[in-house]
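Heads up: the structure comes next, in structure tokens.
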Amino acid sequence: MQPQAQELIQTNKDNSTKIEHLTLKVNGMHCAACSARIERVLSNTNGVNKASVNLVSSQLSLSYVPEIISLESIFEKVASLGFSLELPAAEDDLLSNMKQRQKDETERLRKQALNLIPNLGLALPLLIISMGEMFGLNLPEFISSTHSPKMFAFIQFILCTPLLWLGRNFYISGFRQLFKASPNMDSLVALGTGAAYLYSLWFSFVVWFGQNTVELSATMALDGHHAAMNGAIGQLYYESAAVLLAMISLGKYLEARSTHKAGSAIEGLLNLAPETATRVSLEANEQEELVSVSALLVGDYILIRPGERVPVDGLVIKGQSSVDESMLTGESLPVFKEKGSNVVAGSLNKNGSFVMQAQKIGLNTSLARIARMVQDAQSSKPDLAKLADQISLYFVPTVMAIALLSGVFWFFYGDLALSLKHFVSVLVIACPCAMGLAVPTAVIVSSGRAAELGILVRNGAALERGAKVQTILMDKTGTLTEGKPKLKDIIILTDENNFDFSELKAVAQLYSLSLEELLVLACATLEASSEHPLADALIQAKTELYTQHNLIDSTFELNLIENSFNSVAGKGVEAELNIVSGAKNMTFHIACGNRLFIEELNQVKLTAKESDIMQAVATKGQTPLLLSINKILVAVLGIADSPREESKAVIQELKRLNIEVVMLTGDNQETAKAVCSELGIKQYHAGLLPGDKANIIHEFQEKGLVVAMIGDGVNDAPALAKANLGIAMGSAIDIAVDAGDLVLLKPGLVALPTALRLCSATVRNIKQNLFWAFAYNLLGIPVASGILSIWGGPTLSPMLAGTAMALSSVSVVTNALRLRYFK
């Protein structure tokens, strides 16, 4: 980026400057040199904040400042490089456009496959005719190089020339980029095959017209060893040009087919969305109407029959069934749905019919959001790609220089034929595509496989960071535990204070309540206005008591005095409570919270016995809540949130991956210690306030550790953002796509070790791909140049060099495809 643009963006980041973010389709790219050049030119353009080009997905992720540079100027800049950009599809048509793009790719593959038929159909007989006699084949006399040299040359010319037309895109693209001083792989192919063809054509004229037409002196100047007609026959390299074009076309097809397979996961997601739905009118005797899914509106009623897929997100209002959500969450077992249950687009109805009401449609459905997140991840690049991009940028010019030097060397120390052989071999063996495909193909396959396993990956960098995680911090409530706290115990401190319980006992007796139950109801009334997770336990207990004692229609009421409620985050709540019992009216100051909150409020320290009672509750793994009435401590409530069934096993597996687990909680030390002891966690931080988690993460990072944080994606958003890797626990119904680098769609922690193992497997795969891509070129180019043959080493013909080049890209993509079978 130009300094001026960077300064302007930095200066105005929080003021008036607006940075636009777009993902654009790039047309005309054929190798890593293409993508690297576009990326470099745009990154150095004034007003462009960030430009990242993905060769495999043919997409440009662009951030720019409209006040400095217009989108039209960016389009023109890319066009000047020999490529074109396409605007993104309208957001409302995201799914349909993604589907159309998949269809277009399938059609291109079909055309490539059809194009192979004439390519191979012409190249194979040409190869047999040109080299058959060398391998002992008896060719008919009319095409024999010995008996009919002119026909021998003419048939090769006739078979080879159409292949140049079939491969015209190599020449159009290659020479265009060459003239723009940005040569790419097509330039190498065009120069190599073009040189072989023109060289062969020259000597074909020697064969056809003899020395009367082509001056002997000219022939001698080109090659003193082959001036005569018979010598000219040995200078025909039509088969090299033809087989090169055919093999490269075959390699391109196999590469495209493999990269298409790499994106099969997103194609599978798109295929989950039905194109039609049965809309029903409940007011008109459930009259049915088959409509396009795009015609559905929020609030519409939709009938889902057995075997049909749910078209949009919504709520079941009638009927019941089992629904298969495995393609969205990775959960293999069908989920039972009844009135009031949420259903998501793309899920498969199994054995019952139900009517649902549409709540989220189009771009807002879970399926669309998942597909968009997978697409964004597949378009991104991790840091490992930077090295390949930098090398790709200078790779083609370097190869051309090596080819030229090799040709000149062998012209003086060999002959023209040997010079041409090594010149062409170097040009066609060099493969920037293998380097360009090494990283993005692995990212595409990995992010797609992750989606199939119920894991959403935000970008390629997240996969890379996930492989480096050394420490993972977990919130206790809702992460390690079920997130469904229950009231387990209440201990009244009758002997420890001077509080008069007589009025409360009288009210309790009147409604057949125990004193403990009345205190629970009072505390629950207070906590109903709180957002703390533990409040749910008291509210649930209150509901059960009201039902058990038939209090709903009684004269018994508990209300908070208006404007008296006060909440201190992470500590506790207080208010004035009004108790109505028939005609009697009583008001108390009531407070509920942790020890620090109650001691500060009452301005009295807990006694030794009160501390012992509180500790006894905590050692059972329960969270102690202190209840104060009129600023006198009257009871200790024990609330427990059971650990998730899988938590202990997950922690053990993380340890086997050499990842240290640390628990974070707002609970006291004793409760935290009890939970950690049960789950096998050695480190924990207790008594934390909501803002403390980010500070704890910073402390671990200061030690040089790579830290992951897993939370619910809402309450833990600051901590997730602070961590090197933020992992949000979501669901297919409510995806916290903005909360973390990874999102676990399957409920619980089961997918966590799988996600981290997949990150490691992806990085290993990328490194294998990069090693192969670099090693192939480092070994192949010297062999193709013939430098090793000086000491008796191996050499390569242009045909073998071209075949090796084609197979190198295919091998890289094939290796990346192994990630499709990751478990």
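Glycine residues also receive a Cβ, built from the backbone N, Cα and C atoms like all the rest.
Note that this is a predicted model, so its numbers are computed, not measured.
Listed in TrEMBL for this protein:
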| type | residues | note |
| --- | --- | --- |
| DOMAIN | 20-86 | domain 'HMA' |
| TRANSMEM | 113-131 | transmembrane segment |
| TRANSMEM | 151-167 | transmembrane segment |
| TRANSMEM | 188-210 | transmembrane segment |
| TRANSMEM | 236-254 | transmembrane segment |
| TRANSMEM | 391-412 | transmembrane segment |
| TRANSMEM | 424-445 | transmembrane segment |
| TRANSMEM | 770-793 | transmembrane segment |
| TRANSMEM | 799-817 | transmembrane segment |
DSSP helix/strand/coil residue counts for the domain 'HMA' (20-86): 22 helix, 24 strand, 21 coil
Beyond the flanks of the transmembrane segment (236-254) by at least 6 residues, Cβ under 8 Å: 109, 112-113, 115-116, 119-120, 122-123, 126-127, 130-131, 153, 156-157, 159-160, 163-164, 166-167, 170, 189, 192-194, 196-197, 199-200, 203-204, 207, 420-421, 424, 428, 797-799, 802-803, 805-807, 809-810, 813
Chain residues in Cβ proximity to the transmembrane segment (188-210) (below 8 Å; excluding those fewer than six residues from its ends, i.e. six or more beyond): 149-150, 152-154, 156-157, 160, 164, 167, 170-171, 173-175, 178, 219, 222, 226, 229, 232-233, 235-238, 240-241, 244-245, 248, 396, 399-400, 403, 416, 420, 423-425, 427-428, 430, 798, 802
Overall pLDDT of the domain 'HMA' (20-86), taken as the mean: 87
Within-chain partners of the transmembrane segment (113-131) [C-beta distance under 8 Å, separation at least 6 from its ends]: 137, 139, 143, 152, 155-156, 159-160, 162-163, 166-167, 236, 238-239, 242-243, 245-247, 249-250, 253, 799
